[in-house]
Amino acid sequence: MRILAVDDDRAVRESLRRSLSFNGYSVELANDGVEALEMVARDRPDALVLDVMMPRLDGLEVCRQLRSTGDDLPILVLTARDSVSERVAGLDAGADDYLPKPFALEELLARIRALLRRTKPDDAAESVAMSFSDLTLDPVTREVARGQRWISLTRTEFALLEMLIANPRRVLTRSRILEEVWGFDFPTSGNALEVYVGYLRRKTEADGESRLIHTVRGVGYVLRETPP
């Protein structure tokens with residue numbers, strides 16, 4: 001697996017190179033966002049590890065530009081700022097995950113593994129689309145529709161909706177969703193799940209459709225026609 005690591009701090013770049021290479025990844029480095037976009041266009045990696053604060057073009061703008069072209073390259077954002085607003089900004093820009101600095105190597109590796117797992121095709125996936133009410137999801141073609149309206153989802157949004165639609169009317173705990181969709185236990189203070197539920201609600205209700213994804217306070221979420 002090829003990882004492109006992008007950071008304007010040479011020491012951080014070299015640390016990422018050593019750590020990732022030691023764990024079996026092929027690693028390429030970029031100094032800033034402009035160079036990163038050029039390298040992705042020239043030879044697309046399997047995942048992107050991206051710092052936020054960089055000269056010329058920051059990490060969030062790199063995310064936006066890639067997503068605006070429909071590129072679903074797995075992106076892990078590294079940020080020295082760990083406020084809720086900063087994390088939400090990263091997810092809004094199109095990042096699949098975020099990791100505050102300083103970080104433990106074990107957590108970096110776990111998050112990269114989780115990202116790469118979500119990109120692998122499921123050979124055993126059912127070819128028949130799943131549906132609930134007027135919402136349909138095809139795990140093979142990765143097409144999603146609400147009635148006759150097609151819905152474009154990011155990789156993480158799709159994984160979350162797929163879990164919900166595979167468990168209709170079942171209350172799924174927050175911890176179970178985080179473990180299955182993100183591939184590891186998120187800190188309880190993290191709000192990535194809430195952010196992505198918000199994204200899914202906006203997209204599945206964009207034409208005024210009724211809400212299907214409901215919050216079960218203190219527990220998690222459920223896909224059902226009416227509030228619990």
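Using the three backbone atoms N, Cα and C, a Cβ is placed for every residue, glycine included.
Per Swiss-Prot, the features are as follows:
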DOMAIN    2-116  domain 'Response regulatory'
MOD_RES   ASP46  4-aspartylphosphate
DNA_BIND  127-225  DNA-binding region
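The residue listed as '4-aspartylphosphate' has a Cβ environment of 16 other Cβ atoms inside 10 Å. In terms of DSSP helix, strand and coil, the domain 'Response regulatory' (2-116) has 55 helix, 24 strand, 36 coil.
Remark: secondary structure over the DNA-binding region (127-225) totals 33 helix, 24 strand, 42 coil, with classes taken from DSSP.
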